[in-house]
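Please read the structure below before turning to the comments.
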Amino acid sequence: MIDYSIYKGIIVPAVTPLTASFQIDEPAVGRLFQSFYAHQISPFILGTTGESASLSAAVKLQYLEAAAKHKQTGTVLYAGISSNVLEESLAFAAQCATHQVDAVAATLPSYYALTPAQMHQYFRSLADASPLPVIVYNIPATTHMSIPLEVIDALSHHPNIVATKDSERSEERLQQSLALWKDRTDFGHFLGWAAQSANALLGGSRGLIPSTGNLMPGIYSRMLQAVHNNDVTTAQAMQVQSDVYGQLYQGGKTLGESLWALKRLMQHKGICAATVMPPLQPMSDAEAATLIQEFEALKQTA
């Protein structure tokens, strides 16, 4: 019997801490998880922010093992299982099930353009065979497809599909999603579009999945608490901070460049190294220096 009530709140799509030899930096995973738990945040490993598309099966397993080691009792752990091969996703879901993961998230396979019927069948096949509850992850920026809300709504009644994470940047879609699911107890909506975080929570979203939470987790725990307290002013103030820190490492950069910038700032904070997995590459020392200077200036004004 699935306990749907545990899937809620702030879930941060964790970066993947790497050594210089591109292996999992297990002590850094511990520091990262500790920063999440200090703010009542759940980790989501091996997603887009975690560079999962660039990681080998062996490195993914290393991360699973490190995550299981550092998972605190009573917390919820999420993991991405996205792949263009259904059998690979299911095989990794099985590994997740033996490493203390509580739910898995999957995007669409992204090589072939899929019809809505094919999207629906793919997630049904995944959920039918997955040993763990499934989160339907919509991210057109990387899959180049948008999962229609009608498809997600049909999937929402599958007993092994517990939520959707939506990173599509559409205010209309957000409002339609909240209208469909905000009152559901057996299916949750999570927003992966940081710019609308406060509005989503105030509108009834189950939670947020913000990459900036790797760097500034307190922003989102304070935002969530403010919404619970009906404190719209503080929630919106936290949204402003989210926007500012997000712009710091994302503005003017590709997604891959922004992941290096995020890791470089986390290195500055002493959490993990800035190493990114090829094909991603570090930017210049001058760009790193400017990034850190701007971060320190922001901290003085926040």
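Heads up, the Cβ atoms here are built off N, Cα and C, so glycines get one too.
As recorded in TrEMBL, the features of this protein are as follows:
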- Tyr137: active site, proton donor/acceptor (ACT_SITE)
- Lys165: active site, schiff-base intermediate with substrate (ACT_SITE)
- Thr49, Ile209: pyruvate binding site (BINDING)
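Positions of the features from TrEMBL, shown on the structure.
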{"residue": "Thr49", "record": "pyruvate binding site", "Cβ contacts under 8 Å, 6 or more apart": "Pro13, Ala14, Val15, Ser211, Asn214, Leu259, Leu262"}
{"residue": "Tyr137", "record": "active site, proton donor/acceptor", "Cβ contacts under 8 Å, 6 or more apart": "Gly47, Gly80, Ser82, Ala105, Ala106, Thr107, Thr164, Lys165, Ser167, Gly192"}
{"residue": "Ile209", "record": "pyruvate binding site", "Cβ contacts under 8 Å, 6 or more apart": "Ile11, Val12, Pro13, Phe44, Gly47, Lys165, Ser167, Phe190, Leu191, Gly192"}
Protein Cβ atoms within 10 Å of the residue listed as 'active site, schiff-base intermediate with substrate', excluding its own: 27
DSSP three-state assignment for Tyr137 (active site, proton donor/acceptor): strand
